[in-house]
């Protein structure tokens with residue numbers, strides 16, 4: 001490892017990595033870091049690096065560059081931390097991928113469906129990273145797996161507050177992640193499943209149904225299977241939601257990261273044919289503060305409207321109150337004694353409540369439903385996209401929105417989220 005100064009006054013450090021080691025680094029706030037592979041071969045979360053190409057990582061990025069055979073890399077810019085580690089679970093993750101690939105080959109041979117894998121564990125154990133790794137390795141072998149995102153706090157297939165699925169056709173971009181060309185997305189409306197667990201489980205079942213339908217008509221998708229990312233809530237109703245997801249998707253393999261108790265509970269409660277595997281988390285996994293999570297969510301939403309590093313220009317326009325119908329999924333909890341005869345609190349959680357446009361809508365995100373009419377179940381209908389309310393004019397009965405596409409809105413049914421986005425940058 002050597003340090004040198006370059007012309008841009010950015011500190012430049014060269015690292016020599018031995019086989020099966022990884023360089024871990026975090027980018028300082030308000031800084032960016034460039035990474036270049038000089039010799040050998042290396043990968044980031046399963047995506048191979050191109051030699052002599054500079055990759056840029058922005059503030060807050062936490063990156064691990066792994067090499068199977070040894071390499072030399074160069075970092076330019078200020079890192080909060082940068083070190084090489086020999087202690088990495090990559091071999092175990094590769095073994096998991098190899099076992100899944102064997103299952104795909106068997107499925108191909110026997111005209112059956114491929115493995116459906118669910119990755120579970122508490123918060124901050126690297127679930128999304130393991131999903132990305134397994135998907136990248138599969139797609140590099142010519143597979144076309146489906147990525148299912150059940151983590152409403154992260155929303156890596158779309159934005160936070162949603163659940164969705166993405167057909168993976170190429171490895172994730174080193175800087176941008178997976179190409180989100182045509183995801184299937186459902187509105188949940190909040191960043192924690194606990195706000196409406198009945199709706200959460202219903203959307204999980206809906207996603208599983210749609211995935212099954214796709215597998216019936218697309219042999220390649222069926223053989224390639226799916227990788228399911230889940231929330232870090234693993235107790236009580238959160239645990240029950242995991243069991244429900246495993247059942248809805250008829251999963252074959254559950255990868256449990258870093259929690260033996262959860263591993264034993266799932267082994268006990270899931271059908272005997274489900275293979276449950278306990279894997280360690282990587283030493284590079286960092287605990288994220290609430291503020292950091294909030295910033296990541298904001299950044300995710302900003303990227304939806306403005307594109308990666310601001311490559312899009314969103315549209316602002318007025319929408320008449322009379323042109324749209326706005327709903328919230330789930331009525332407020334009321335005492336059981338006040339509920340209509342034969343109705344339970346659970347029914348209340350799926351109820352569509354009309355929302356009257358008002359100033360309290362400002363900064364709220366709205367999902368634009370693909371539904372043609374309310375006779376369709378809005379909570380189980382996918383969404384076309386999202387808008388954010390920037391102002392409300394009660395006098396003229398219009399509200400102004402930020403939208404990724406120009407007017408008019410494709411449909412007139414909107415679902416309001418609890419999530420707010422302030423466009424301050």
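For all residues, glycine too, the Cβ spot is worked out from N, Cα and C.
According to Swiss-Prot, the features are:
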- 22, 62, 124, 125, 126, 127, 128, 129: ATP binding site (BINDING)
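The structure, with features from Swiss-Prot marked on it.
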residue : record           : Cβ contacts under 8 Å, 6 or more apart
22      : ATP binding site : 64, 65, 66, 67, 84, 85, 88, 90, 284
62      : ATP binding site : 24, 25, 26, 27, 284, 286
124     : ATP binding site : 232, 285, 286, 287, 288
125     : ATP binding site : 232, 257, 258, 259, 281, 285
126     : ATP binding site : 257, 281, 282, 284, 285
127     : ATP binding site : 119, 120, 121, 151, 229, 230, 232, 257
128     : ATP binding site : 151, 154, 156, 229
129     : ATP binding site : 45, 282, 285
- Three-class DSSP assignment, residue 62 (ATP binding site), comes back as strand
- For ATP, with binding residues 22, 62, 124, 125, 126, 127, 128, 129 per the record, max Cα distance (Å, no decimals) returned as 19
- Message: According to DSSP, does residue 22 (ATP binding site) sit in a helix, a strand, or coil?
- Response: strand
